[in-house]
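See below for the structure under consideration.
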Ligand code: NAD
């Protein structure tokens with residue numbers, strides 16, 4: 001076990017269950033000595049998160065509700081963190097949502113409402129959360145979000161979420177520029193497909209996984225832990241000169257031309 005994050009505190013947003021990428025990140029940060037604060041979407045997920053957090057060795061985690069579509073919940077969550085913890089050193093934003101009916105068929109059929117919802121939860125929320133978090137990053141900090149190749153290229157059925165990820169990728173760069181003078185870095189990890197609750201919403205997700213196993217340079221999919229290890233790099237001093245970057249953790253799939 002390394003102690004890269006000893007004495008540091010990180011906010012993890014987006015644990016739904018043990019398959020969540022956020023949980024993979026949490027375990028790696030915990031093993032590196034970090035204190036963790038978890039935010040979850042609502043009461044429905046509270047028990048899941050409590051049970052997972054109870055499996056960690058440390059018992060000083062803080063758990064807070066935070067539905068990112070609600071400004072007052074974001075304000076309240078970060079006010080509580082300020083009161084109970086004070087300074088934070090980083091944040092992992094692992095949140096996305098689109099209606100299942102928008103994650104199949106032709107993108108041209110995307111509804112106005114479905115478009116706004118996907119953008120609000122999956123892209124704008126990073127702006128709102130970064131604005132609140134920066135006030136607690138008085139010793140500098142690092143923010144990491146999760147993106148996907150579908151924001152750079154057309155991936156069948158990813159549709160409205162691909163467009164939200166394209167916005168998220170641009171948001172990372174604008175935030176990196178705004179927050180850099182405060183010594184706050186903002187980066188994203190473009191994860192390869194991993195079987196999670198969110199991923200299950202994408203039609204034919206299994207065939208995306210199969211393509212990775214057959215074509216990606218490493219000929220396999222990636223794990224939550226592998227994403228977590230890159231998050232550890234981005235959230236620790238190891239990446240002190242890196243901001244506004246997208247790092248692909250996808251078995252190399254993104255480098256391929258026509259497959
Ligand atoms: P997941 O379902 O475990 O996590 C998604 C999280 O978003 C859940 O915890 C859910 O509660 C949260 N969320 C949704 N709406 C919310 C709201 N209004 N307020 C607060 N939280 C809300 O799935 P995951 O795959 O671990 O997703 C985490 C991130 O990783 C997402 O941004 C996703 O797009 C991204 N990602 C996933 C994959 C993959 O294949 N699984 C690949 C690349 C990127």
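Positions of Cβ are set from backbone N, Cα and C atoms, glycine also.
The record from TrEMBL ties 20, 21, 41, 67, 68, 95, 165, 194, 195, 196, 197, 198 to NAD(+), and of the options 14, 33 it ties 14 to that site too. Fewest other C-beta atoms within 10 Å: among the binding-site residues 98, 198, that description fits 198. Close to residue 14 (NAD(+) binding site) in the fold, though at least 6 residues off in sequence, lie 20, 21, 22, 39, 92, 93, 94, 95, each with a CB less than 8 Å from its CB. With respect to ligand 1, the recorded positions 67, 98, 158, 196 contribute 67, 196 as residues with a C-beta closer than 6 angstroms to one of its atoms, given in sequence order.
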